[in-house]
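First the structure, which I've put down as structure tokens, then a few questions once you've had a look.
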Amino acid sequence: MSTRDTLFIEDVCPICQEHFGVGRQMWNIACGHVFCGECLFDIDPRVCPLCREGYADDDIDCLGPWEEQDSMCGNADRAQEQQRQEDWTPNHQEREEDREVWNEIQQRSWSEDGNKDGDGPGYAGAGEWKDELEEPEDEGVGYVREWTDVDEPAESDWMPSDDALEEDRAAWEELERQQEWLRG
């Protein structure tokens with residue numbers, strides 16, 4: 001069987017104009033054209049009636065019968081649609097797993113910004129800040145804690161290296177020289 005680049009599938013046989021179906025099988029020849037078996041086997045010189053390309057008996061393939069549908073194209077369209085539905089429709093278990101993952105993602109994102117739970121400052125682990133605060137012994141009904149009561153964050157121990165500082169100074173000096181030249 002020779003390699004086909006294109007398969008020309010139609011609803012009807014191009015010779016007799018009859019619809020392909022259960023009683024009329026679809027046969028493919030080497031050039032890719034499709035005919036019903038009755039017309040194809042009546043062709044005496046083994047030459048495609050549409051493109052005039054020759055073919056051997058070994059180059060003939062049966063593409064039918066179609067038991068459920070009158071139209072081959074209708075059958076193919078329905079089969080593709082059914083496959084598409086099966087590919088994209090999750091079953092009950094998959095939907096439950098998706099919901100669990102979605103809820104977990106939502107919980108993580110809410111706990112990172114601290115808005116949903118009302119835990120206070122917007123950072124991951126925001127609920128921990130309540131434990132760090134010391135409540136006063138004489139707490140009244142309308143007590144509001146002052147900002148001065150909260151410990152200041154520790155300053156970072158990181159310092160740029162001497163080389164990095166020197167590069168920054170050199171870059172600023174070059175920028176100032178360029179600005180003076182432009183004012184010039």
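Yeah, the Cβs are placed from backbone N, Cα and C, and that goes for glycine too.
Because TrEMBL annotations are produced automatically, they should be read as predictions rather than curated entries.
Copying in the features that TrEMBL gives for the protein in this structure:
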type: DOMAIN; residues: 13-52; note: domain 'RING-type'
type: REGION; residues: 73-164; note: region 'Disordered'
type: COMPBIAS; residues: 78-102; note: compositional bias 'Basic and acidic residues'
type: COMPBIAS; residues: 110-119; note: compositional bias 'Basic and acidic residues'
type: COMPBIAS; residues: 131-140; note: compositional bias 'Acidic residues'
Over the span of the domain 'RING-type' (13-52), count residues by DSSP class, listing helix, strand and coil in order.
6 helix, 9 strand, 25 coil
If I take every residue in the domain 'RING-type' (13-52) and average their pLDDT values, what number comes out?
83
